[in-house]
Amino acid sequence: MTHIKEFFTKLSESSSNQNISNIPKKKKKLFLALFATLLVVAAVIGIVAGVNSRKNSGDNGNEPHHAILKSSCSSTRYPDLCFSAIAAVPEASKKVTSQKDVIEMSLNITTTAVEHNYFGIQKLLKRTNLTKREKVALHDCLETIDETLDELHKAVEDLEEYPNKKSLSQHADDLKTLMSAAMTNQGTCLDGFSHDDANKHVRDALSDGQVHVEKMCSNALAMIKNMTDTDMMIMRTSNNRKLTEETSTVDGWPAWLSPGDRRLLQSSSVTPNAVVAADGSGNFKTVAAAVAAAPQGGTKRYIIRIKAGVYRENVEVTKKHKNIMFIGDGRTRTIITGSRNVVDGSTTFKSATAAVVGEGFLARDITFQNTAGPSKHQAVALRVGADLSAFYNCDMLAYQDTLYVHSNRQFFVNCLIAGTVDFIFGNAAAVLQNCDIHARKPNSGQKNMVTAQGRTDPNQNTGIVIQKSRIGATSDLKPVQGSFPTYLGRPWKEYSRTVIMQSSITDLIHPAGWHEWDGNFALNTLFYGEHQNSGAGAGTSGRVKWKGFRVITSATEAQAFTPGSFIAGSSWLGSTGFPFSLGL
C-alpha cells in the first residue's frame, strides 16, 4: 500500500510539471488506462487491508460479543437502532458477554438520550413567544423526563440483581412495568401539544428526541421480555412443572398488599399521622399542605385523614412522597374538587384535580372531582401514575377524561367512575373490580366512550380491565340515552388493550360495543375482549367485526386479565386491606 501511495505522489508531481494536453494521443490513452487500473487495484487493496484491520482489532461478525448483540437485537422492533447504538459504545466487545449486558448497555444509552432531551426542553423554555399551554406542556415534559430517569435507574438496579433477589416472574413484571411506564412518558410529553399550526413548531422541535427515546425503551422492553420469557421457560422445563407465583392470594387480596395495609383499607378506626380539616380543627387546612409536610421517601405507611368538607384545590402526591394514604370521612362527605381544563389553557396531564405519582399510594372514602363541564373538553378528576396504588370506596366524577390511569400498576375496588368521553383512559396496567361505571349526559351531538386505552407497543404489560362491575347510565342520561350513543371504548393508541369481563352491562351500550378512533386506525392491532358479561347490553352477536376484537371463551385466557396475573396482585394487593378477588 505504501508503494501505491508513492506512485501516486510521483504521478501527481509529474502531472503538475507537464500538462496532459502535451502528451501524444497514443501515450495519453495508455496513461489514462494505466491510471484507471491503478485506481482499481488501490481500492481493492484498501478494502482487503480494512477487512484485515478489523479482523486484527477483534471487531468481527464472528466474534462472540457480535453474535450476542445481533441475537439480542433481533428480538426488538427496531433492530438496526438497537445494534448501531450499542456497537458505537467504545470497547463494547469487552462489555458484552450476555443478553443481560446488552440490555444494561441499552438502558444506559437511553438514559444519556433522556438527559439530552432534558437540556433541549430547558432551551425551548427560554423562548419568549411561548403560549400558556406550551409552557405548561414543556413543564409536563420535564416532569415525565424526571420520572423516566427514575424508571431507567430502577430498571438497571433490578437488572443487576436479576435473577437472584426476587422470583423470575416478579423480576419480569417489575422490569416490564418500568419500561412500559418510561415509554408512556415520551408520548405524554408530546400529547401536551396540539397538532395545529399554533404550537406545532414546539412539538416538532421535541418530536425526534422523544421518539428516539421511545424506540430505545421499546427495544429494551423487547429484550427484557425475550430474556425473562426464555428463563422462565427453562425453569418450567427443568422443574417439570408450571411456574407459579409464590403467593397467589392472602385472604383474597393480592400479595403486594401487606396485612397491615389490608387492615387500613377496611378498618373503621385508624390512627392518622396528620389530620386535614377545613375548619382548622386539624393539623392542616388543605390537603396539599399535609402532603407537602409528609416525609419523603418513606418506607412506612403515612396516613393523612381528611375530615368531611369540600376542598377546592389541586393536589399532587409527587414521586418523592411514597406510601401515603388518604382516608376520608365518606365518599359523599370528603370531596376534593377542581376545574382545570384544556379549553382554559391546561394540558390534559396537568388538568387533574388530584395527581398521584408516589409509589404505594392508597385512598379510601373520598371523592375526586373536576367540575369544568363537558364544554371544557379534557378535564381530569384523578390522574394516577403511582405504582402499586389502590383506591377503595372512592368516587371519580367529571365529564371528558375523568380517570387518567396514566402508568404503572393500579387497582380500584368498590369505586364509582362517571363521565362522558374517554372517561377511563391512559396506559397503566389497571384493574377496576366491583365498580360502578356510569356514563353521564354529554353535550349535544357527542358520543360517550367508557374507555380509551393508550398502549403503544405490543410488549407493554398494560391495559384496562373491568371485572365484576356494573356499566350503566347516570340519572340525567338514562331518560335520553337513545340520543347519545355510548360505547365500551375506542383505541387511543395503536395497541390499545381493554377487557370487560364478568360484568353487568345495561342497554345503554350500543350493540356494536366498540367505536373507531379515526377510520381504520388500530383496528387490526388493538386487543378488545369480553368474557362472561351479563345484562341487556352484553350480547356479542352485533359486536364489531374487527380483527382485534374477540369474545374470550377460555377461562385460562381470561385468567391472564385478573388482578392476580395482570397487575401482579398476589405480591402487593394484600397489604392494602381493601377487599378484592385475585381470580375469576
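In case you wondered, yes, glycine gets a Cβ from its N, Cα and C as well.
Its own atom aside, the Cβ of ASP401 (active site, proton donor) has 27 Cβ atoms within 10 angstroms in the protein chains shown. Residues or ranges marked as active site, proton donor in Swiss-Prot (evidence: sequence analysis): ASP401.
As annotated by Swiss-Prot, disulfide bond applies to CYS415-CYS435. Within the same chain, residues at least six positions away from CYS415 (disulfide bond) with a Cβ under 8 Å of its Cβ are PHE391, TYR392, ASN393, CYS394, ASP395, MET396, LEU432, CYS435, ASP436.
DSSP assigns ASN108 (N-linked glycosylation site) to a helix. The N-linked glycosylation site annotation in Swiss-Prot covers ASN108 (among others) and rests on sequence analysis.
As annotated by Swiss-Prot, N-linked glycosylation site applies to ASN129 (among others). Every protein chain shown contributes to the tally, and the Cβ of ASN129 (N-linked glycosylation site) ends up with 7 other Cβ atoms within 10 Å.
The annotation N-linked glycosylation site is assigned in Swiss-Prot to ASN226 (among others). ASN226 (N-linked glycosylation site) carries a helical DSSP state (H, G or I).
The feature site 'Transition state stabilizer' is assigned by Swiss-Prot to GLN400. Counting every protein chain shown, the number of other Cβ atoms lying within 10 Å of the Cβ of GLN400 (site 'Transition state stabilizer') is 30.
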Nearest by Cα to GLN400 (site 'Transition state stabilizer'), of the glycosylation sites ASN108, ASN129, ASN226, is ASN129
Same-chain residues at least 6 positions away from ASN226 (N-linked glycosylation site) with a Cβ under 8 Å from its Cβ, in sequence order, are SER72, SER75, GLN99
Sparsest Cβ environment (other Cβ within 10 Å) among recorded positions ASN108, CYS435 belongs to ASN108
GLN400 (site 'Transition state stabilizer') falls, by three-state DSSP, under coil
ASP401 (active site, proton donor) and ASN129 (N-linked glycosylation site), compared by Cα position, are separated in whole Å by 29
